[in-house]
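The following features are taken from TrEMBL:
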ACT_SITE  ASP532  active site
BINDING   ARG492, THR504, ASP532, GLU581, HIS584, GLU603  N-acyl-D-mannosamine binding site
BINDING   HIS584, CYS594, CYS596, CYS601  Zn(2+) binding site
DOMAIN    53-390  domain 'UDP-N-acetylglucosamine 2-epimerase'
Amino acid sequence: ELYFKNLSKQKQKEVMEKNRNNHKLRVCVATCNRADYSKLAPIMFGIKSEPQFFELDVVVLGSHLIDDYGNTYRMIEQDDFDIHTRLHTIVRGEDEAAMVESVGLALVKLPDVLNRLKPDIMIVHGDRFDALALATSAALMNIRILHIEGGEVSGTIDDSIRHAITKLAHYHVCCTRSAEQHLIAMCEDHDRILLAGCPSYDKLLSAKNKDYMSIIHMWLGEDVKPRDYIVALQHPVTTDIKHSIKMFELTLDALISFNKRTLVLFPNVDAGSKEMVRVMRKKGIEHHPNFRAVKHVPFDQFIQLVAHAGCMIGNSSCGVREVGAFGTPVINLGTRQTGRETGENVLHVRDADTQDKILHALQLQFGKQYPCSKIYGDGNAVPRILKFLKSIDLKEPLQKKFCFPPVKDNISQDIDHILETQSALAVDLGGTNLRVAIVSMKGEIVQKYTQLNPKTYEDRLELILKMCVEAASEAVNLNCRILGVGISTGGRVNPREGIVLHSTKLIQEWSSVDLRTPISDALHLPVWVDNDGNCAALAERKFGHGKGVENFVTLITGTGIGGGIIHQHELIHGSSFCAAELGHIVVSLDGPECLCGSQGCIEAYASGIALQREAKKLHDEDLLLVEGMSMKEEAVSAAHLIQAAKLGNTKAESILRTAGTALGLGVVNILHTMNPSLVILSGVLASHYVNAVKDVIQRQALSSVKTVDVVVSNLADPALLGAASLVLDYTTRRIY
């Protein structure tokens, strides 16, 4: 791998040297609308800053030149770019036929422009119908095409257009690892794919700390405060125009009812936009005191507005892509962005078919603050793209080569050709030990670190941060890309806020603790937190017996008794995050006292602590040891009770039988309540209880649930794997 990496770097240097000695690369950048210019502008600035390597020609077409959409070509002039050609290519009508005619008009006008410019390469962005005309013209005129943001998945006709441009393009710049894998699966040559990140992130990640109050006041009014307004941006869905117009009407009704100052941007030029504008005017949005309706906001100012908004709502790709960089809450309506990778800040309302549903989503999201997401970039896309452009050898044959299956597995083609493994940092907070692990997407524990869990809050948090920082640094050496941090801890947890509400007695000074904020701030990564029982269930769902099972329950049998419930493939948290406290199901009204303060809980019979208590009683009465057992100075434990039972100690056997019966009765109650198809016993005591649980089910359960499968977990480390799955599966990404 190192040999080929060095060989590739050497080849790239040779090509760059060749190009330097020959002539400047003539690059044509064609921009069609305000959205694609926000992605292309950083590249254009980069090209302009290196005149010794590049000549830049700018072609403007599409909605840039229409007054109803803000005459946005002016912002290109304000950025001090010389516009070589303006092409009026939009046929008005804003319906399906007008879109087709606009593509045809662009195809008629573009050949003359390209003949005059004779570019070496044309940069085309995204998935708009204008971009399809650009790519078609350039491909037929033997001009190399560099496509930005190929390989992504979303809804509507955009998917088809994006993939069509991919097949026409010679070079590809993608934003995410998934997009890169999609391009490879589409038989594109992996040597011509660059994983760079989104160019707009180069500006986004340095924008939030700039002055923003004057911008907020200019667009929304002097009385508006940060985090107390909404940005709304909704476009028509070309494959279902009628429904998208109805959804827009419901959205406006919900925003009117929500009664917060709202900046509404006009929709794009797609079919259906004219009807959406009519809806705005019918409801008086342009004159409503709570609304500001605008055709265009300059991108620099738009960044500040969404960065400090209380919420963004609509179906724009900006909401699921760029806004994640600030952790601003987003409500994504409908199917236009279905398939996009999103951060934790996005709440999906797939069927936005009632005003109440949208209003409830606003109530859930408004004013929250989420961890910043870097799914789409790290702020260094433009330098990578410029380096990629310099490496293009114009003497290579123009004809595209397709890499048909079999496709190389896990090929990464970022600027340094580094192969990385997508991984998570998993943290397990136990009563005795604190463990941190690097876990791969396949559930392999690449590296594990263990320390004793400190007794105080300050020491514990300091150690968590120290271990996570060290593990994240080591991940670079291990060629692992850390996507986020997942934390498994005992007690009651609010996973939405990342806060430990109440801890178990095994972990001291661990109530009302915000784990997400300090760890996210220190590592600049998203952080998820959940209860250890829930994490065990998630581990089974992703890596264990629960994979593909719609309804199952996991029971942890260890120091205490815990668990997690998966219902219709989703984890159940409950209204106060107290669901699946399975250890505290009461199976006897006059049973032994539990650590929770109640009596007769499963945990009071079947936990490791309970067995240790009974073992000590037997030992104090000299009834524990039998022939074949010996104890020196070690403390009496549950293990001694189990060993005694195996060697024929009838008292120990009776205690274990009672414990197994109590656990079995608890499982029967679960079966009668949840009716799962599978029960998974996890933890060190699982194998000792499984037969007893099955026997109780056959004796006590209703006949309709007796067929349930009861199995012992085959996962060696469910707590760490569950914490990792929080990250790897984005399990806190909610679908509403």
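Glycine is no exception: its Cβ is also placed from the backbone N, Cα and C atoms.
Recorded features from TrEMBL, shown on the structure.
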{"residue": "ARG492", "record": "N-acyl-D-mannosamine binding site", "CB count, 10 Å": "19"}
{"residue": "THR504", "record": "N-acyl-D-mannosamine binding site", "CB count, 10 Å": "20"}
{"residue": "ASP532", "record": "active site", "CB count, 10 Å": "26"}
{"residue": "GLU581", "record": "N-acyl-D-mannosamine binding site", "CB count, 10 Å": "17"}
{"residue": "HIS584", "record": "N-acyl-D-mannosamine binding site", "CB count, 10 Å": "20"}
{"residue": "CYS594", "record": "Zn(2+) binding site", "CB count, 10 Å": "22"}
{"residue": "CYS596", "record": "Zn(2+) binding site", "CB count, 10 Å": "15"}
{"residue": "CYS601", "record": "Zn(2+) binding site", "CB count, 10 Å": "29"}
{"residue": "GLU603", "record": "N-acyl-D-mannosamine binding site", "CB count, 10 Å": "27"}
Whole-number Å value for how far CYS594 (Zn(2+) binding site) lies from ARG492 (N-acyl-D-mannosamine binding site) (Cα to Cα): 17
Neighbours of HIS584, CYS594, CYS596, CYS601 excl. site residues, C-beta within 8 Å of centre, Zn(2+): GLY583, VAL586, LEU595, GLY597, SER598, ILE602, GLU603, ALA604
Residue from ASP532, CYS594, CYS596, CYS601 whose C-alpha is spatially nearest that of HIS584 (N-acyl-D-mannosamine binding site), among the recorded positions: CYS601
For N-acyl-D-mannosamine: widest Cα to Cα gap among ARG492, THR504, ASP532, GLU581, HIS584, GLU603 in Å: 16
Among THR504, ASP532, GLU581, which are recorded as recorded positions, the nearest neighbour of CYS601 (Zn(2+) binding site) by Cα: GLU581
When distances run from the Cα of CYS594 (Zn(2+) binding site) to each of the recorded positions THR504, ASP532, GLU581, GLU603, the nearest one: GLU603
Overall pLDDT of the domain 'UDP-N-acetylglucosamine 2-epimerase' (53-390), taken as the mean: 91
Cβ-centroid neighbourhood (8 Å) of the N-acyl-D-mannosamine site, ARG492, THR504, ASP532, GLU581, HIS584, GLU603 excluded: GLY490, GLY491, ASN531, GLY533, GLY560, ILE561, GLY562, GLY583, CYS596
CYS596 (Zn(2+) binding site) and GLU603 (N-acyl-D-mannosamine binding site), distance between Cα atoms, whole Å: 9
Minimum Cα separation from CYS596 (Zn(2+) binding site), reported as the residue among recorded positions THR504, ASP532, GLU581 that achieves it: THR504
